[in-house]
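Presented below is the structure to which this report refers.
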């Protein structure tokens, strides 16, 4: 009985990881947004599994429905409407073709690793039993992997929509970690609900911004952001 | 040390009237903001009428605090405890928030009338209301959940306000600010998760009793510190600040630089005070960064060609003074006297900077609006044509430089005294260098503006309310140096 339960939880953790990684590293933006919705649905299942039905409802409404809708709303900006829609170039803005240099990627990977170690160190103290049997809490393991990768991806990507996606997935990873470390008592549930609402509001604001930026400046404006980020002003 | 933040038991229960005043303090700004969106006021008088009840709630709370001392509220909402407290620091910052907020609101109609920004301008009012309410909640909140919610609400309202100007540069800077602020809040949340998982407490007062120094406290403090430092634009994480101010509206910039960055700093100081009661390294580290911030911010402001960049970079440097005071306030084995002096200096510097920076942004905005140019060179000849705006700029910079008798002088005097007593000579040098650099960049502005040979341009006339509000703020910052005993008496109340 216990083994089968662990199997379900392990499978859920694996699905979460795969969906998150695919969403973070898919260059096709529409597909990545769909993957995010799938990820949010898996998160809903995870909350259900952790016996937090209200969080599952909140995740379903705020995470999957509303955040997903915001992302698709932002994506509509890339489709040249009206006259240009007949053109074949229709599909290109859906694709992030920016290629970073490899030192950039390497430093971001190191950042993700450092972040991963830091979270692992934190978990070691709060959940000492994790050190001896890490496989017993597959969801927490998944949360560490997801949060670390998302942090790296957030720093790595230049495209604003991909950074927004990375933020959302990082948020989900942090919420899962919170639930793993503090349990799903009322205080933790309230923190996560506030976090979900804020993440949705932030995504909505970000989506509005991306759309406005695209309408004003064209698609080049959407990946300029991190070019100037490294130079302190 | 936690008594300084009002995290102790209260002697008296709040009266029923006080409950209503508290509710009004938190709800009225949002309510009036929504009314503002509905009616979109174009004149100063209705805005002034609306500001009166909000300011009145602050004064009533002040009177209540002076009579009853520390006040606490606690409610159970669906199994979650929400707690607020009104201590000396809370009431002081609440008053500063309400008055600076009122000043920004009074400045706005004139600014909107002259710039004619279009329809999106009406959204400024509700966002401003939410910002003031969220800030008030931050000063009052006594548990980590309320702090988190208020912090996020404030951050989102601030981003929304900064975007209103609608220029592509503003949108890009705003997007970067939004993403960084959101990720910063996730770092904060992870720190809170650690605290909740290990000690099982969200209430600050209860947390202060159970916290013991150790790796968990250090990691939680590091996560919370990183997240909040990003939001407060503390030195190495300040890159987003200047571009954000570059294209924002003047009243928005004034509110942001005066209050929004300070709120994150306040939370950082309060939580570190609880989590790291005897850590030597962390506050020192912040202080070293603060010294770098003073020098770096001063140099960038000195070299800048644009007036807004100058004012924004000066914020980075002025936040450095506050960071330098960290080891004096939360460091171990600091004798009580320098600790008390640094505590007073910290808050006086924070309040003086809030008033002076709001005045400076408004004066700079007035100059830019009147001349139509945002570069320093465009200021040539303003000494003859816009003497009042330039005078306000000068008055505000007197406070920033720390010349007597301004509040900047009193604050730096207190900080210097504490540093000399604890023999932190490097910090003393950094403080003095900061003063020199401030003088250097301020006089650069005056060198351009006193250029008498400049050709005569056409200047846009300003609304009288714009100059008056800025002048009042600058004078308040100036007078605070002479009347420093009033706020400091509030700070020392509620305990010992």
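Note that the numbers count up from 1, one per residue, in the order the chain is shown.
Just so you know, glycine gets a Cβ as well, placed from its N, Cα and C.
Note that TrEMBL annotation is computational and uncurated.
Listed in TrEMBL:
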TRANSMEM  B:20-40  transmembrane segment
TRANSMEM  B:47-66  transmembrane segment
TRANSMEM  B:86-107  transmembrane segment
DOMAIN    B:141-438  domain 'NADH:quinone oxidoreductase/Mrp antiporter transmembrane'
TRANSMEM  B:177-199  transmembrane segment
TRANSMEM  B:219-241  transmembrane segment
TRANSMEM  B:253-275  transmembrane segment
TRANSMEM  B:281-302  transmembrane segment
TRANSMEM  B:309-330  transmembrane segment
TRANSMEM  B:350-370  transmembrane segment
TRANSMEM  B:386-405  transmembrane segment
TRANSMEM  B:425-447  transmembrane segment
TRANSMEM  B:468-490  transmembrane segment
Can we call the transmembrane segment (B:253-275) and the transmembrane segment (B:350-370) in contact, meaning three or more C-beta pairs below 8 angstroms at a sequence separation of 6+?
yes
Short question: which residues 6 or more past the ends of the transmembrane segment (B:86-107) have a Cβ under 8 Å from it?
4-7, 22, 25, 29, 44, 47-48, 50-51, 54-55, 57-59, 61-62, 64-65, 70-72, 128, 131-132, 135-136, 139-140, 250-252, 254-255, 258-259, 262, 266, 347, 351, 354-355, 358, 362, 465-466, 469-470, 472-473, 476, 487, 490-494
Is the transmembrane segment (B:219-241) in contact with the transmembrane segment (B:468-490), using three or more Cβ pairs under 8 angstroms as the rule and ignoring pairs under 6 apart in sequence?
no
At a threshold of under 8 Å on Cβ distances, which of B:20-40, B:219-241, B:281-302, B:309-330, B:425-447 pairs most often with the transmembrane segment (B:177-199)?
B:219-241
Would the transmembrane segment (B:219-241) and the transmembrane segment (B:281-302) count as touching if the test is at least 3 Cβ pairs under 8 Å, pairs 6 or more apart?
yes
Does the transmembrane segment (B:47-66) reach the transmembrane segment (B:281-302) with at least 3 CB pairs under 8 A, where each pair is 6 or more residues apart?
no
Go through the chain and flag residues at least 6 beyond the ends of the transmembrane segment (B:425-447) whose CB is under 8 A from any CB in it; none is fine as an answer.
287, 290-291, 294-295, 298-299, 301-302, 304, 307, 310, 314, 317, 320-321, 324, 376, 379, 390, 393-394, 397, 400-402, 412, 415-416, 419
Using a Cβ cut-off under 8 Å, which residues of the same chain at least 6 positions beyond either end of the transmembrane segment (B:386-405) come close to it?
314, 318, 352-353, 355-357, 359-360, 362-364, 366-367, 370-371, 411-412, 435, 438-439, 442, 445-446, 449, 459, 462, 467, 470-471, 473-475, 477-478, 481-482
Using Cβ atoms and a strict cutoff of less than 8 Å, what residues sit near the transmembrane segment (B:281-302) while being 6 or more residues removed from its termini?
218, 221-222, 225, 234-236, 238, 242, 272, 309-311, 313-327, 329-331, 424, 426-427, 430-431, 433-434, 437-438, 440-441, 444
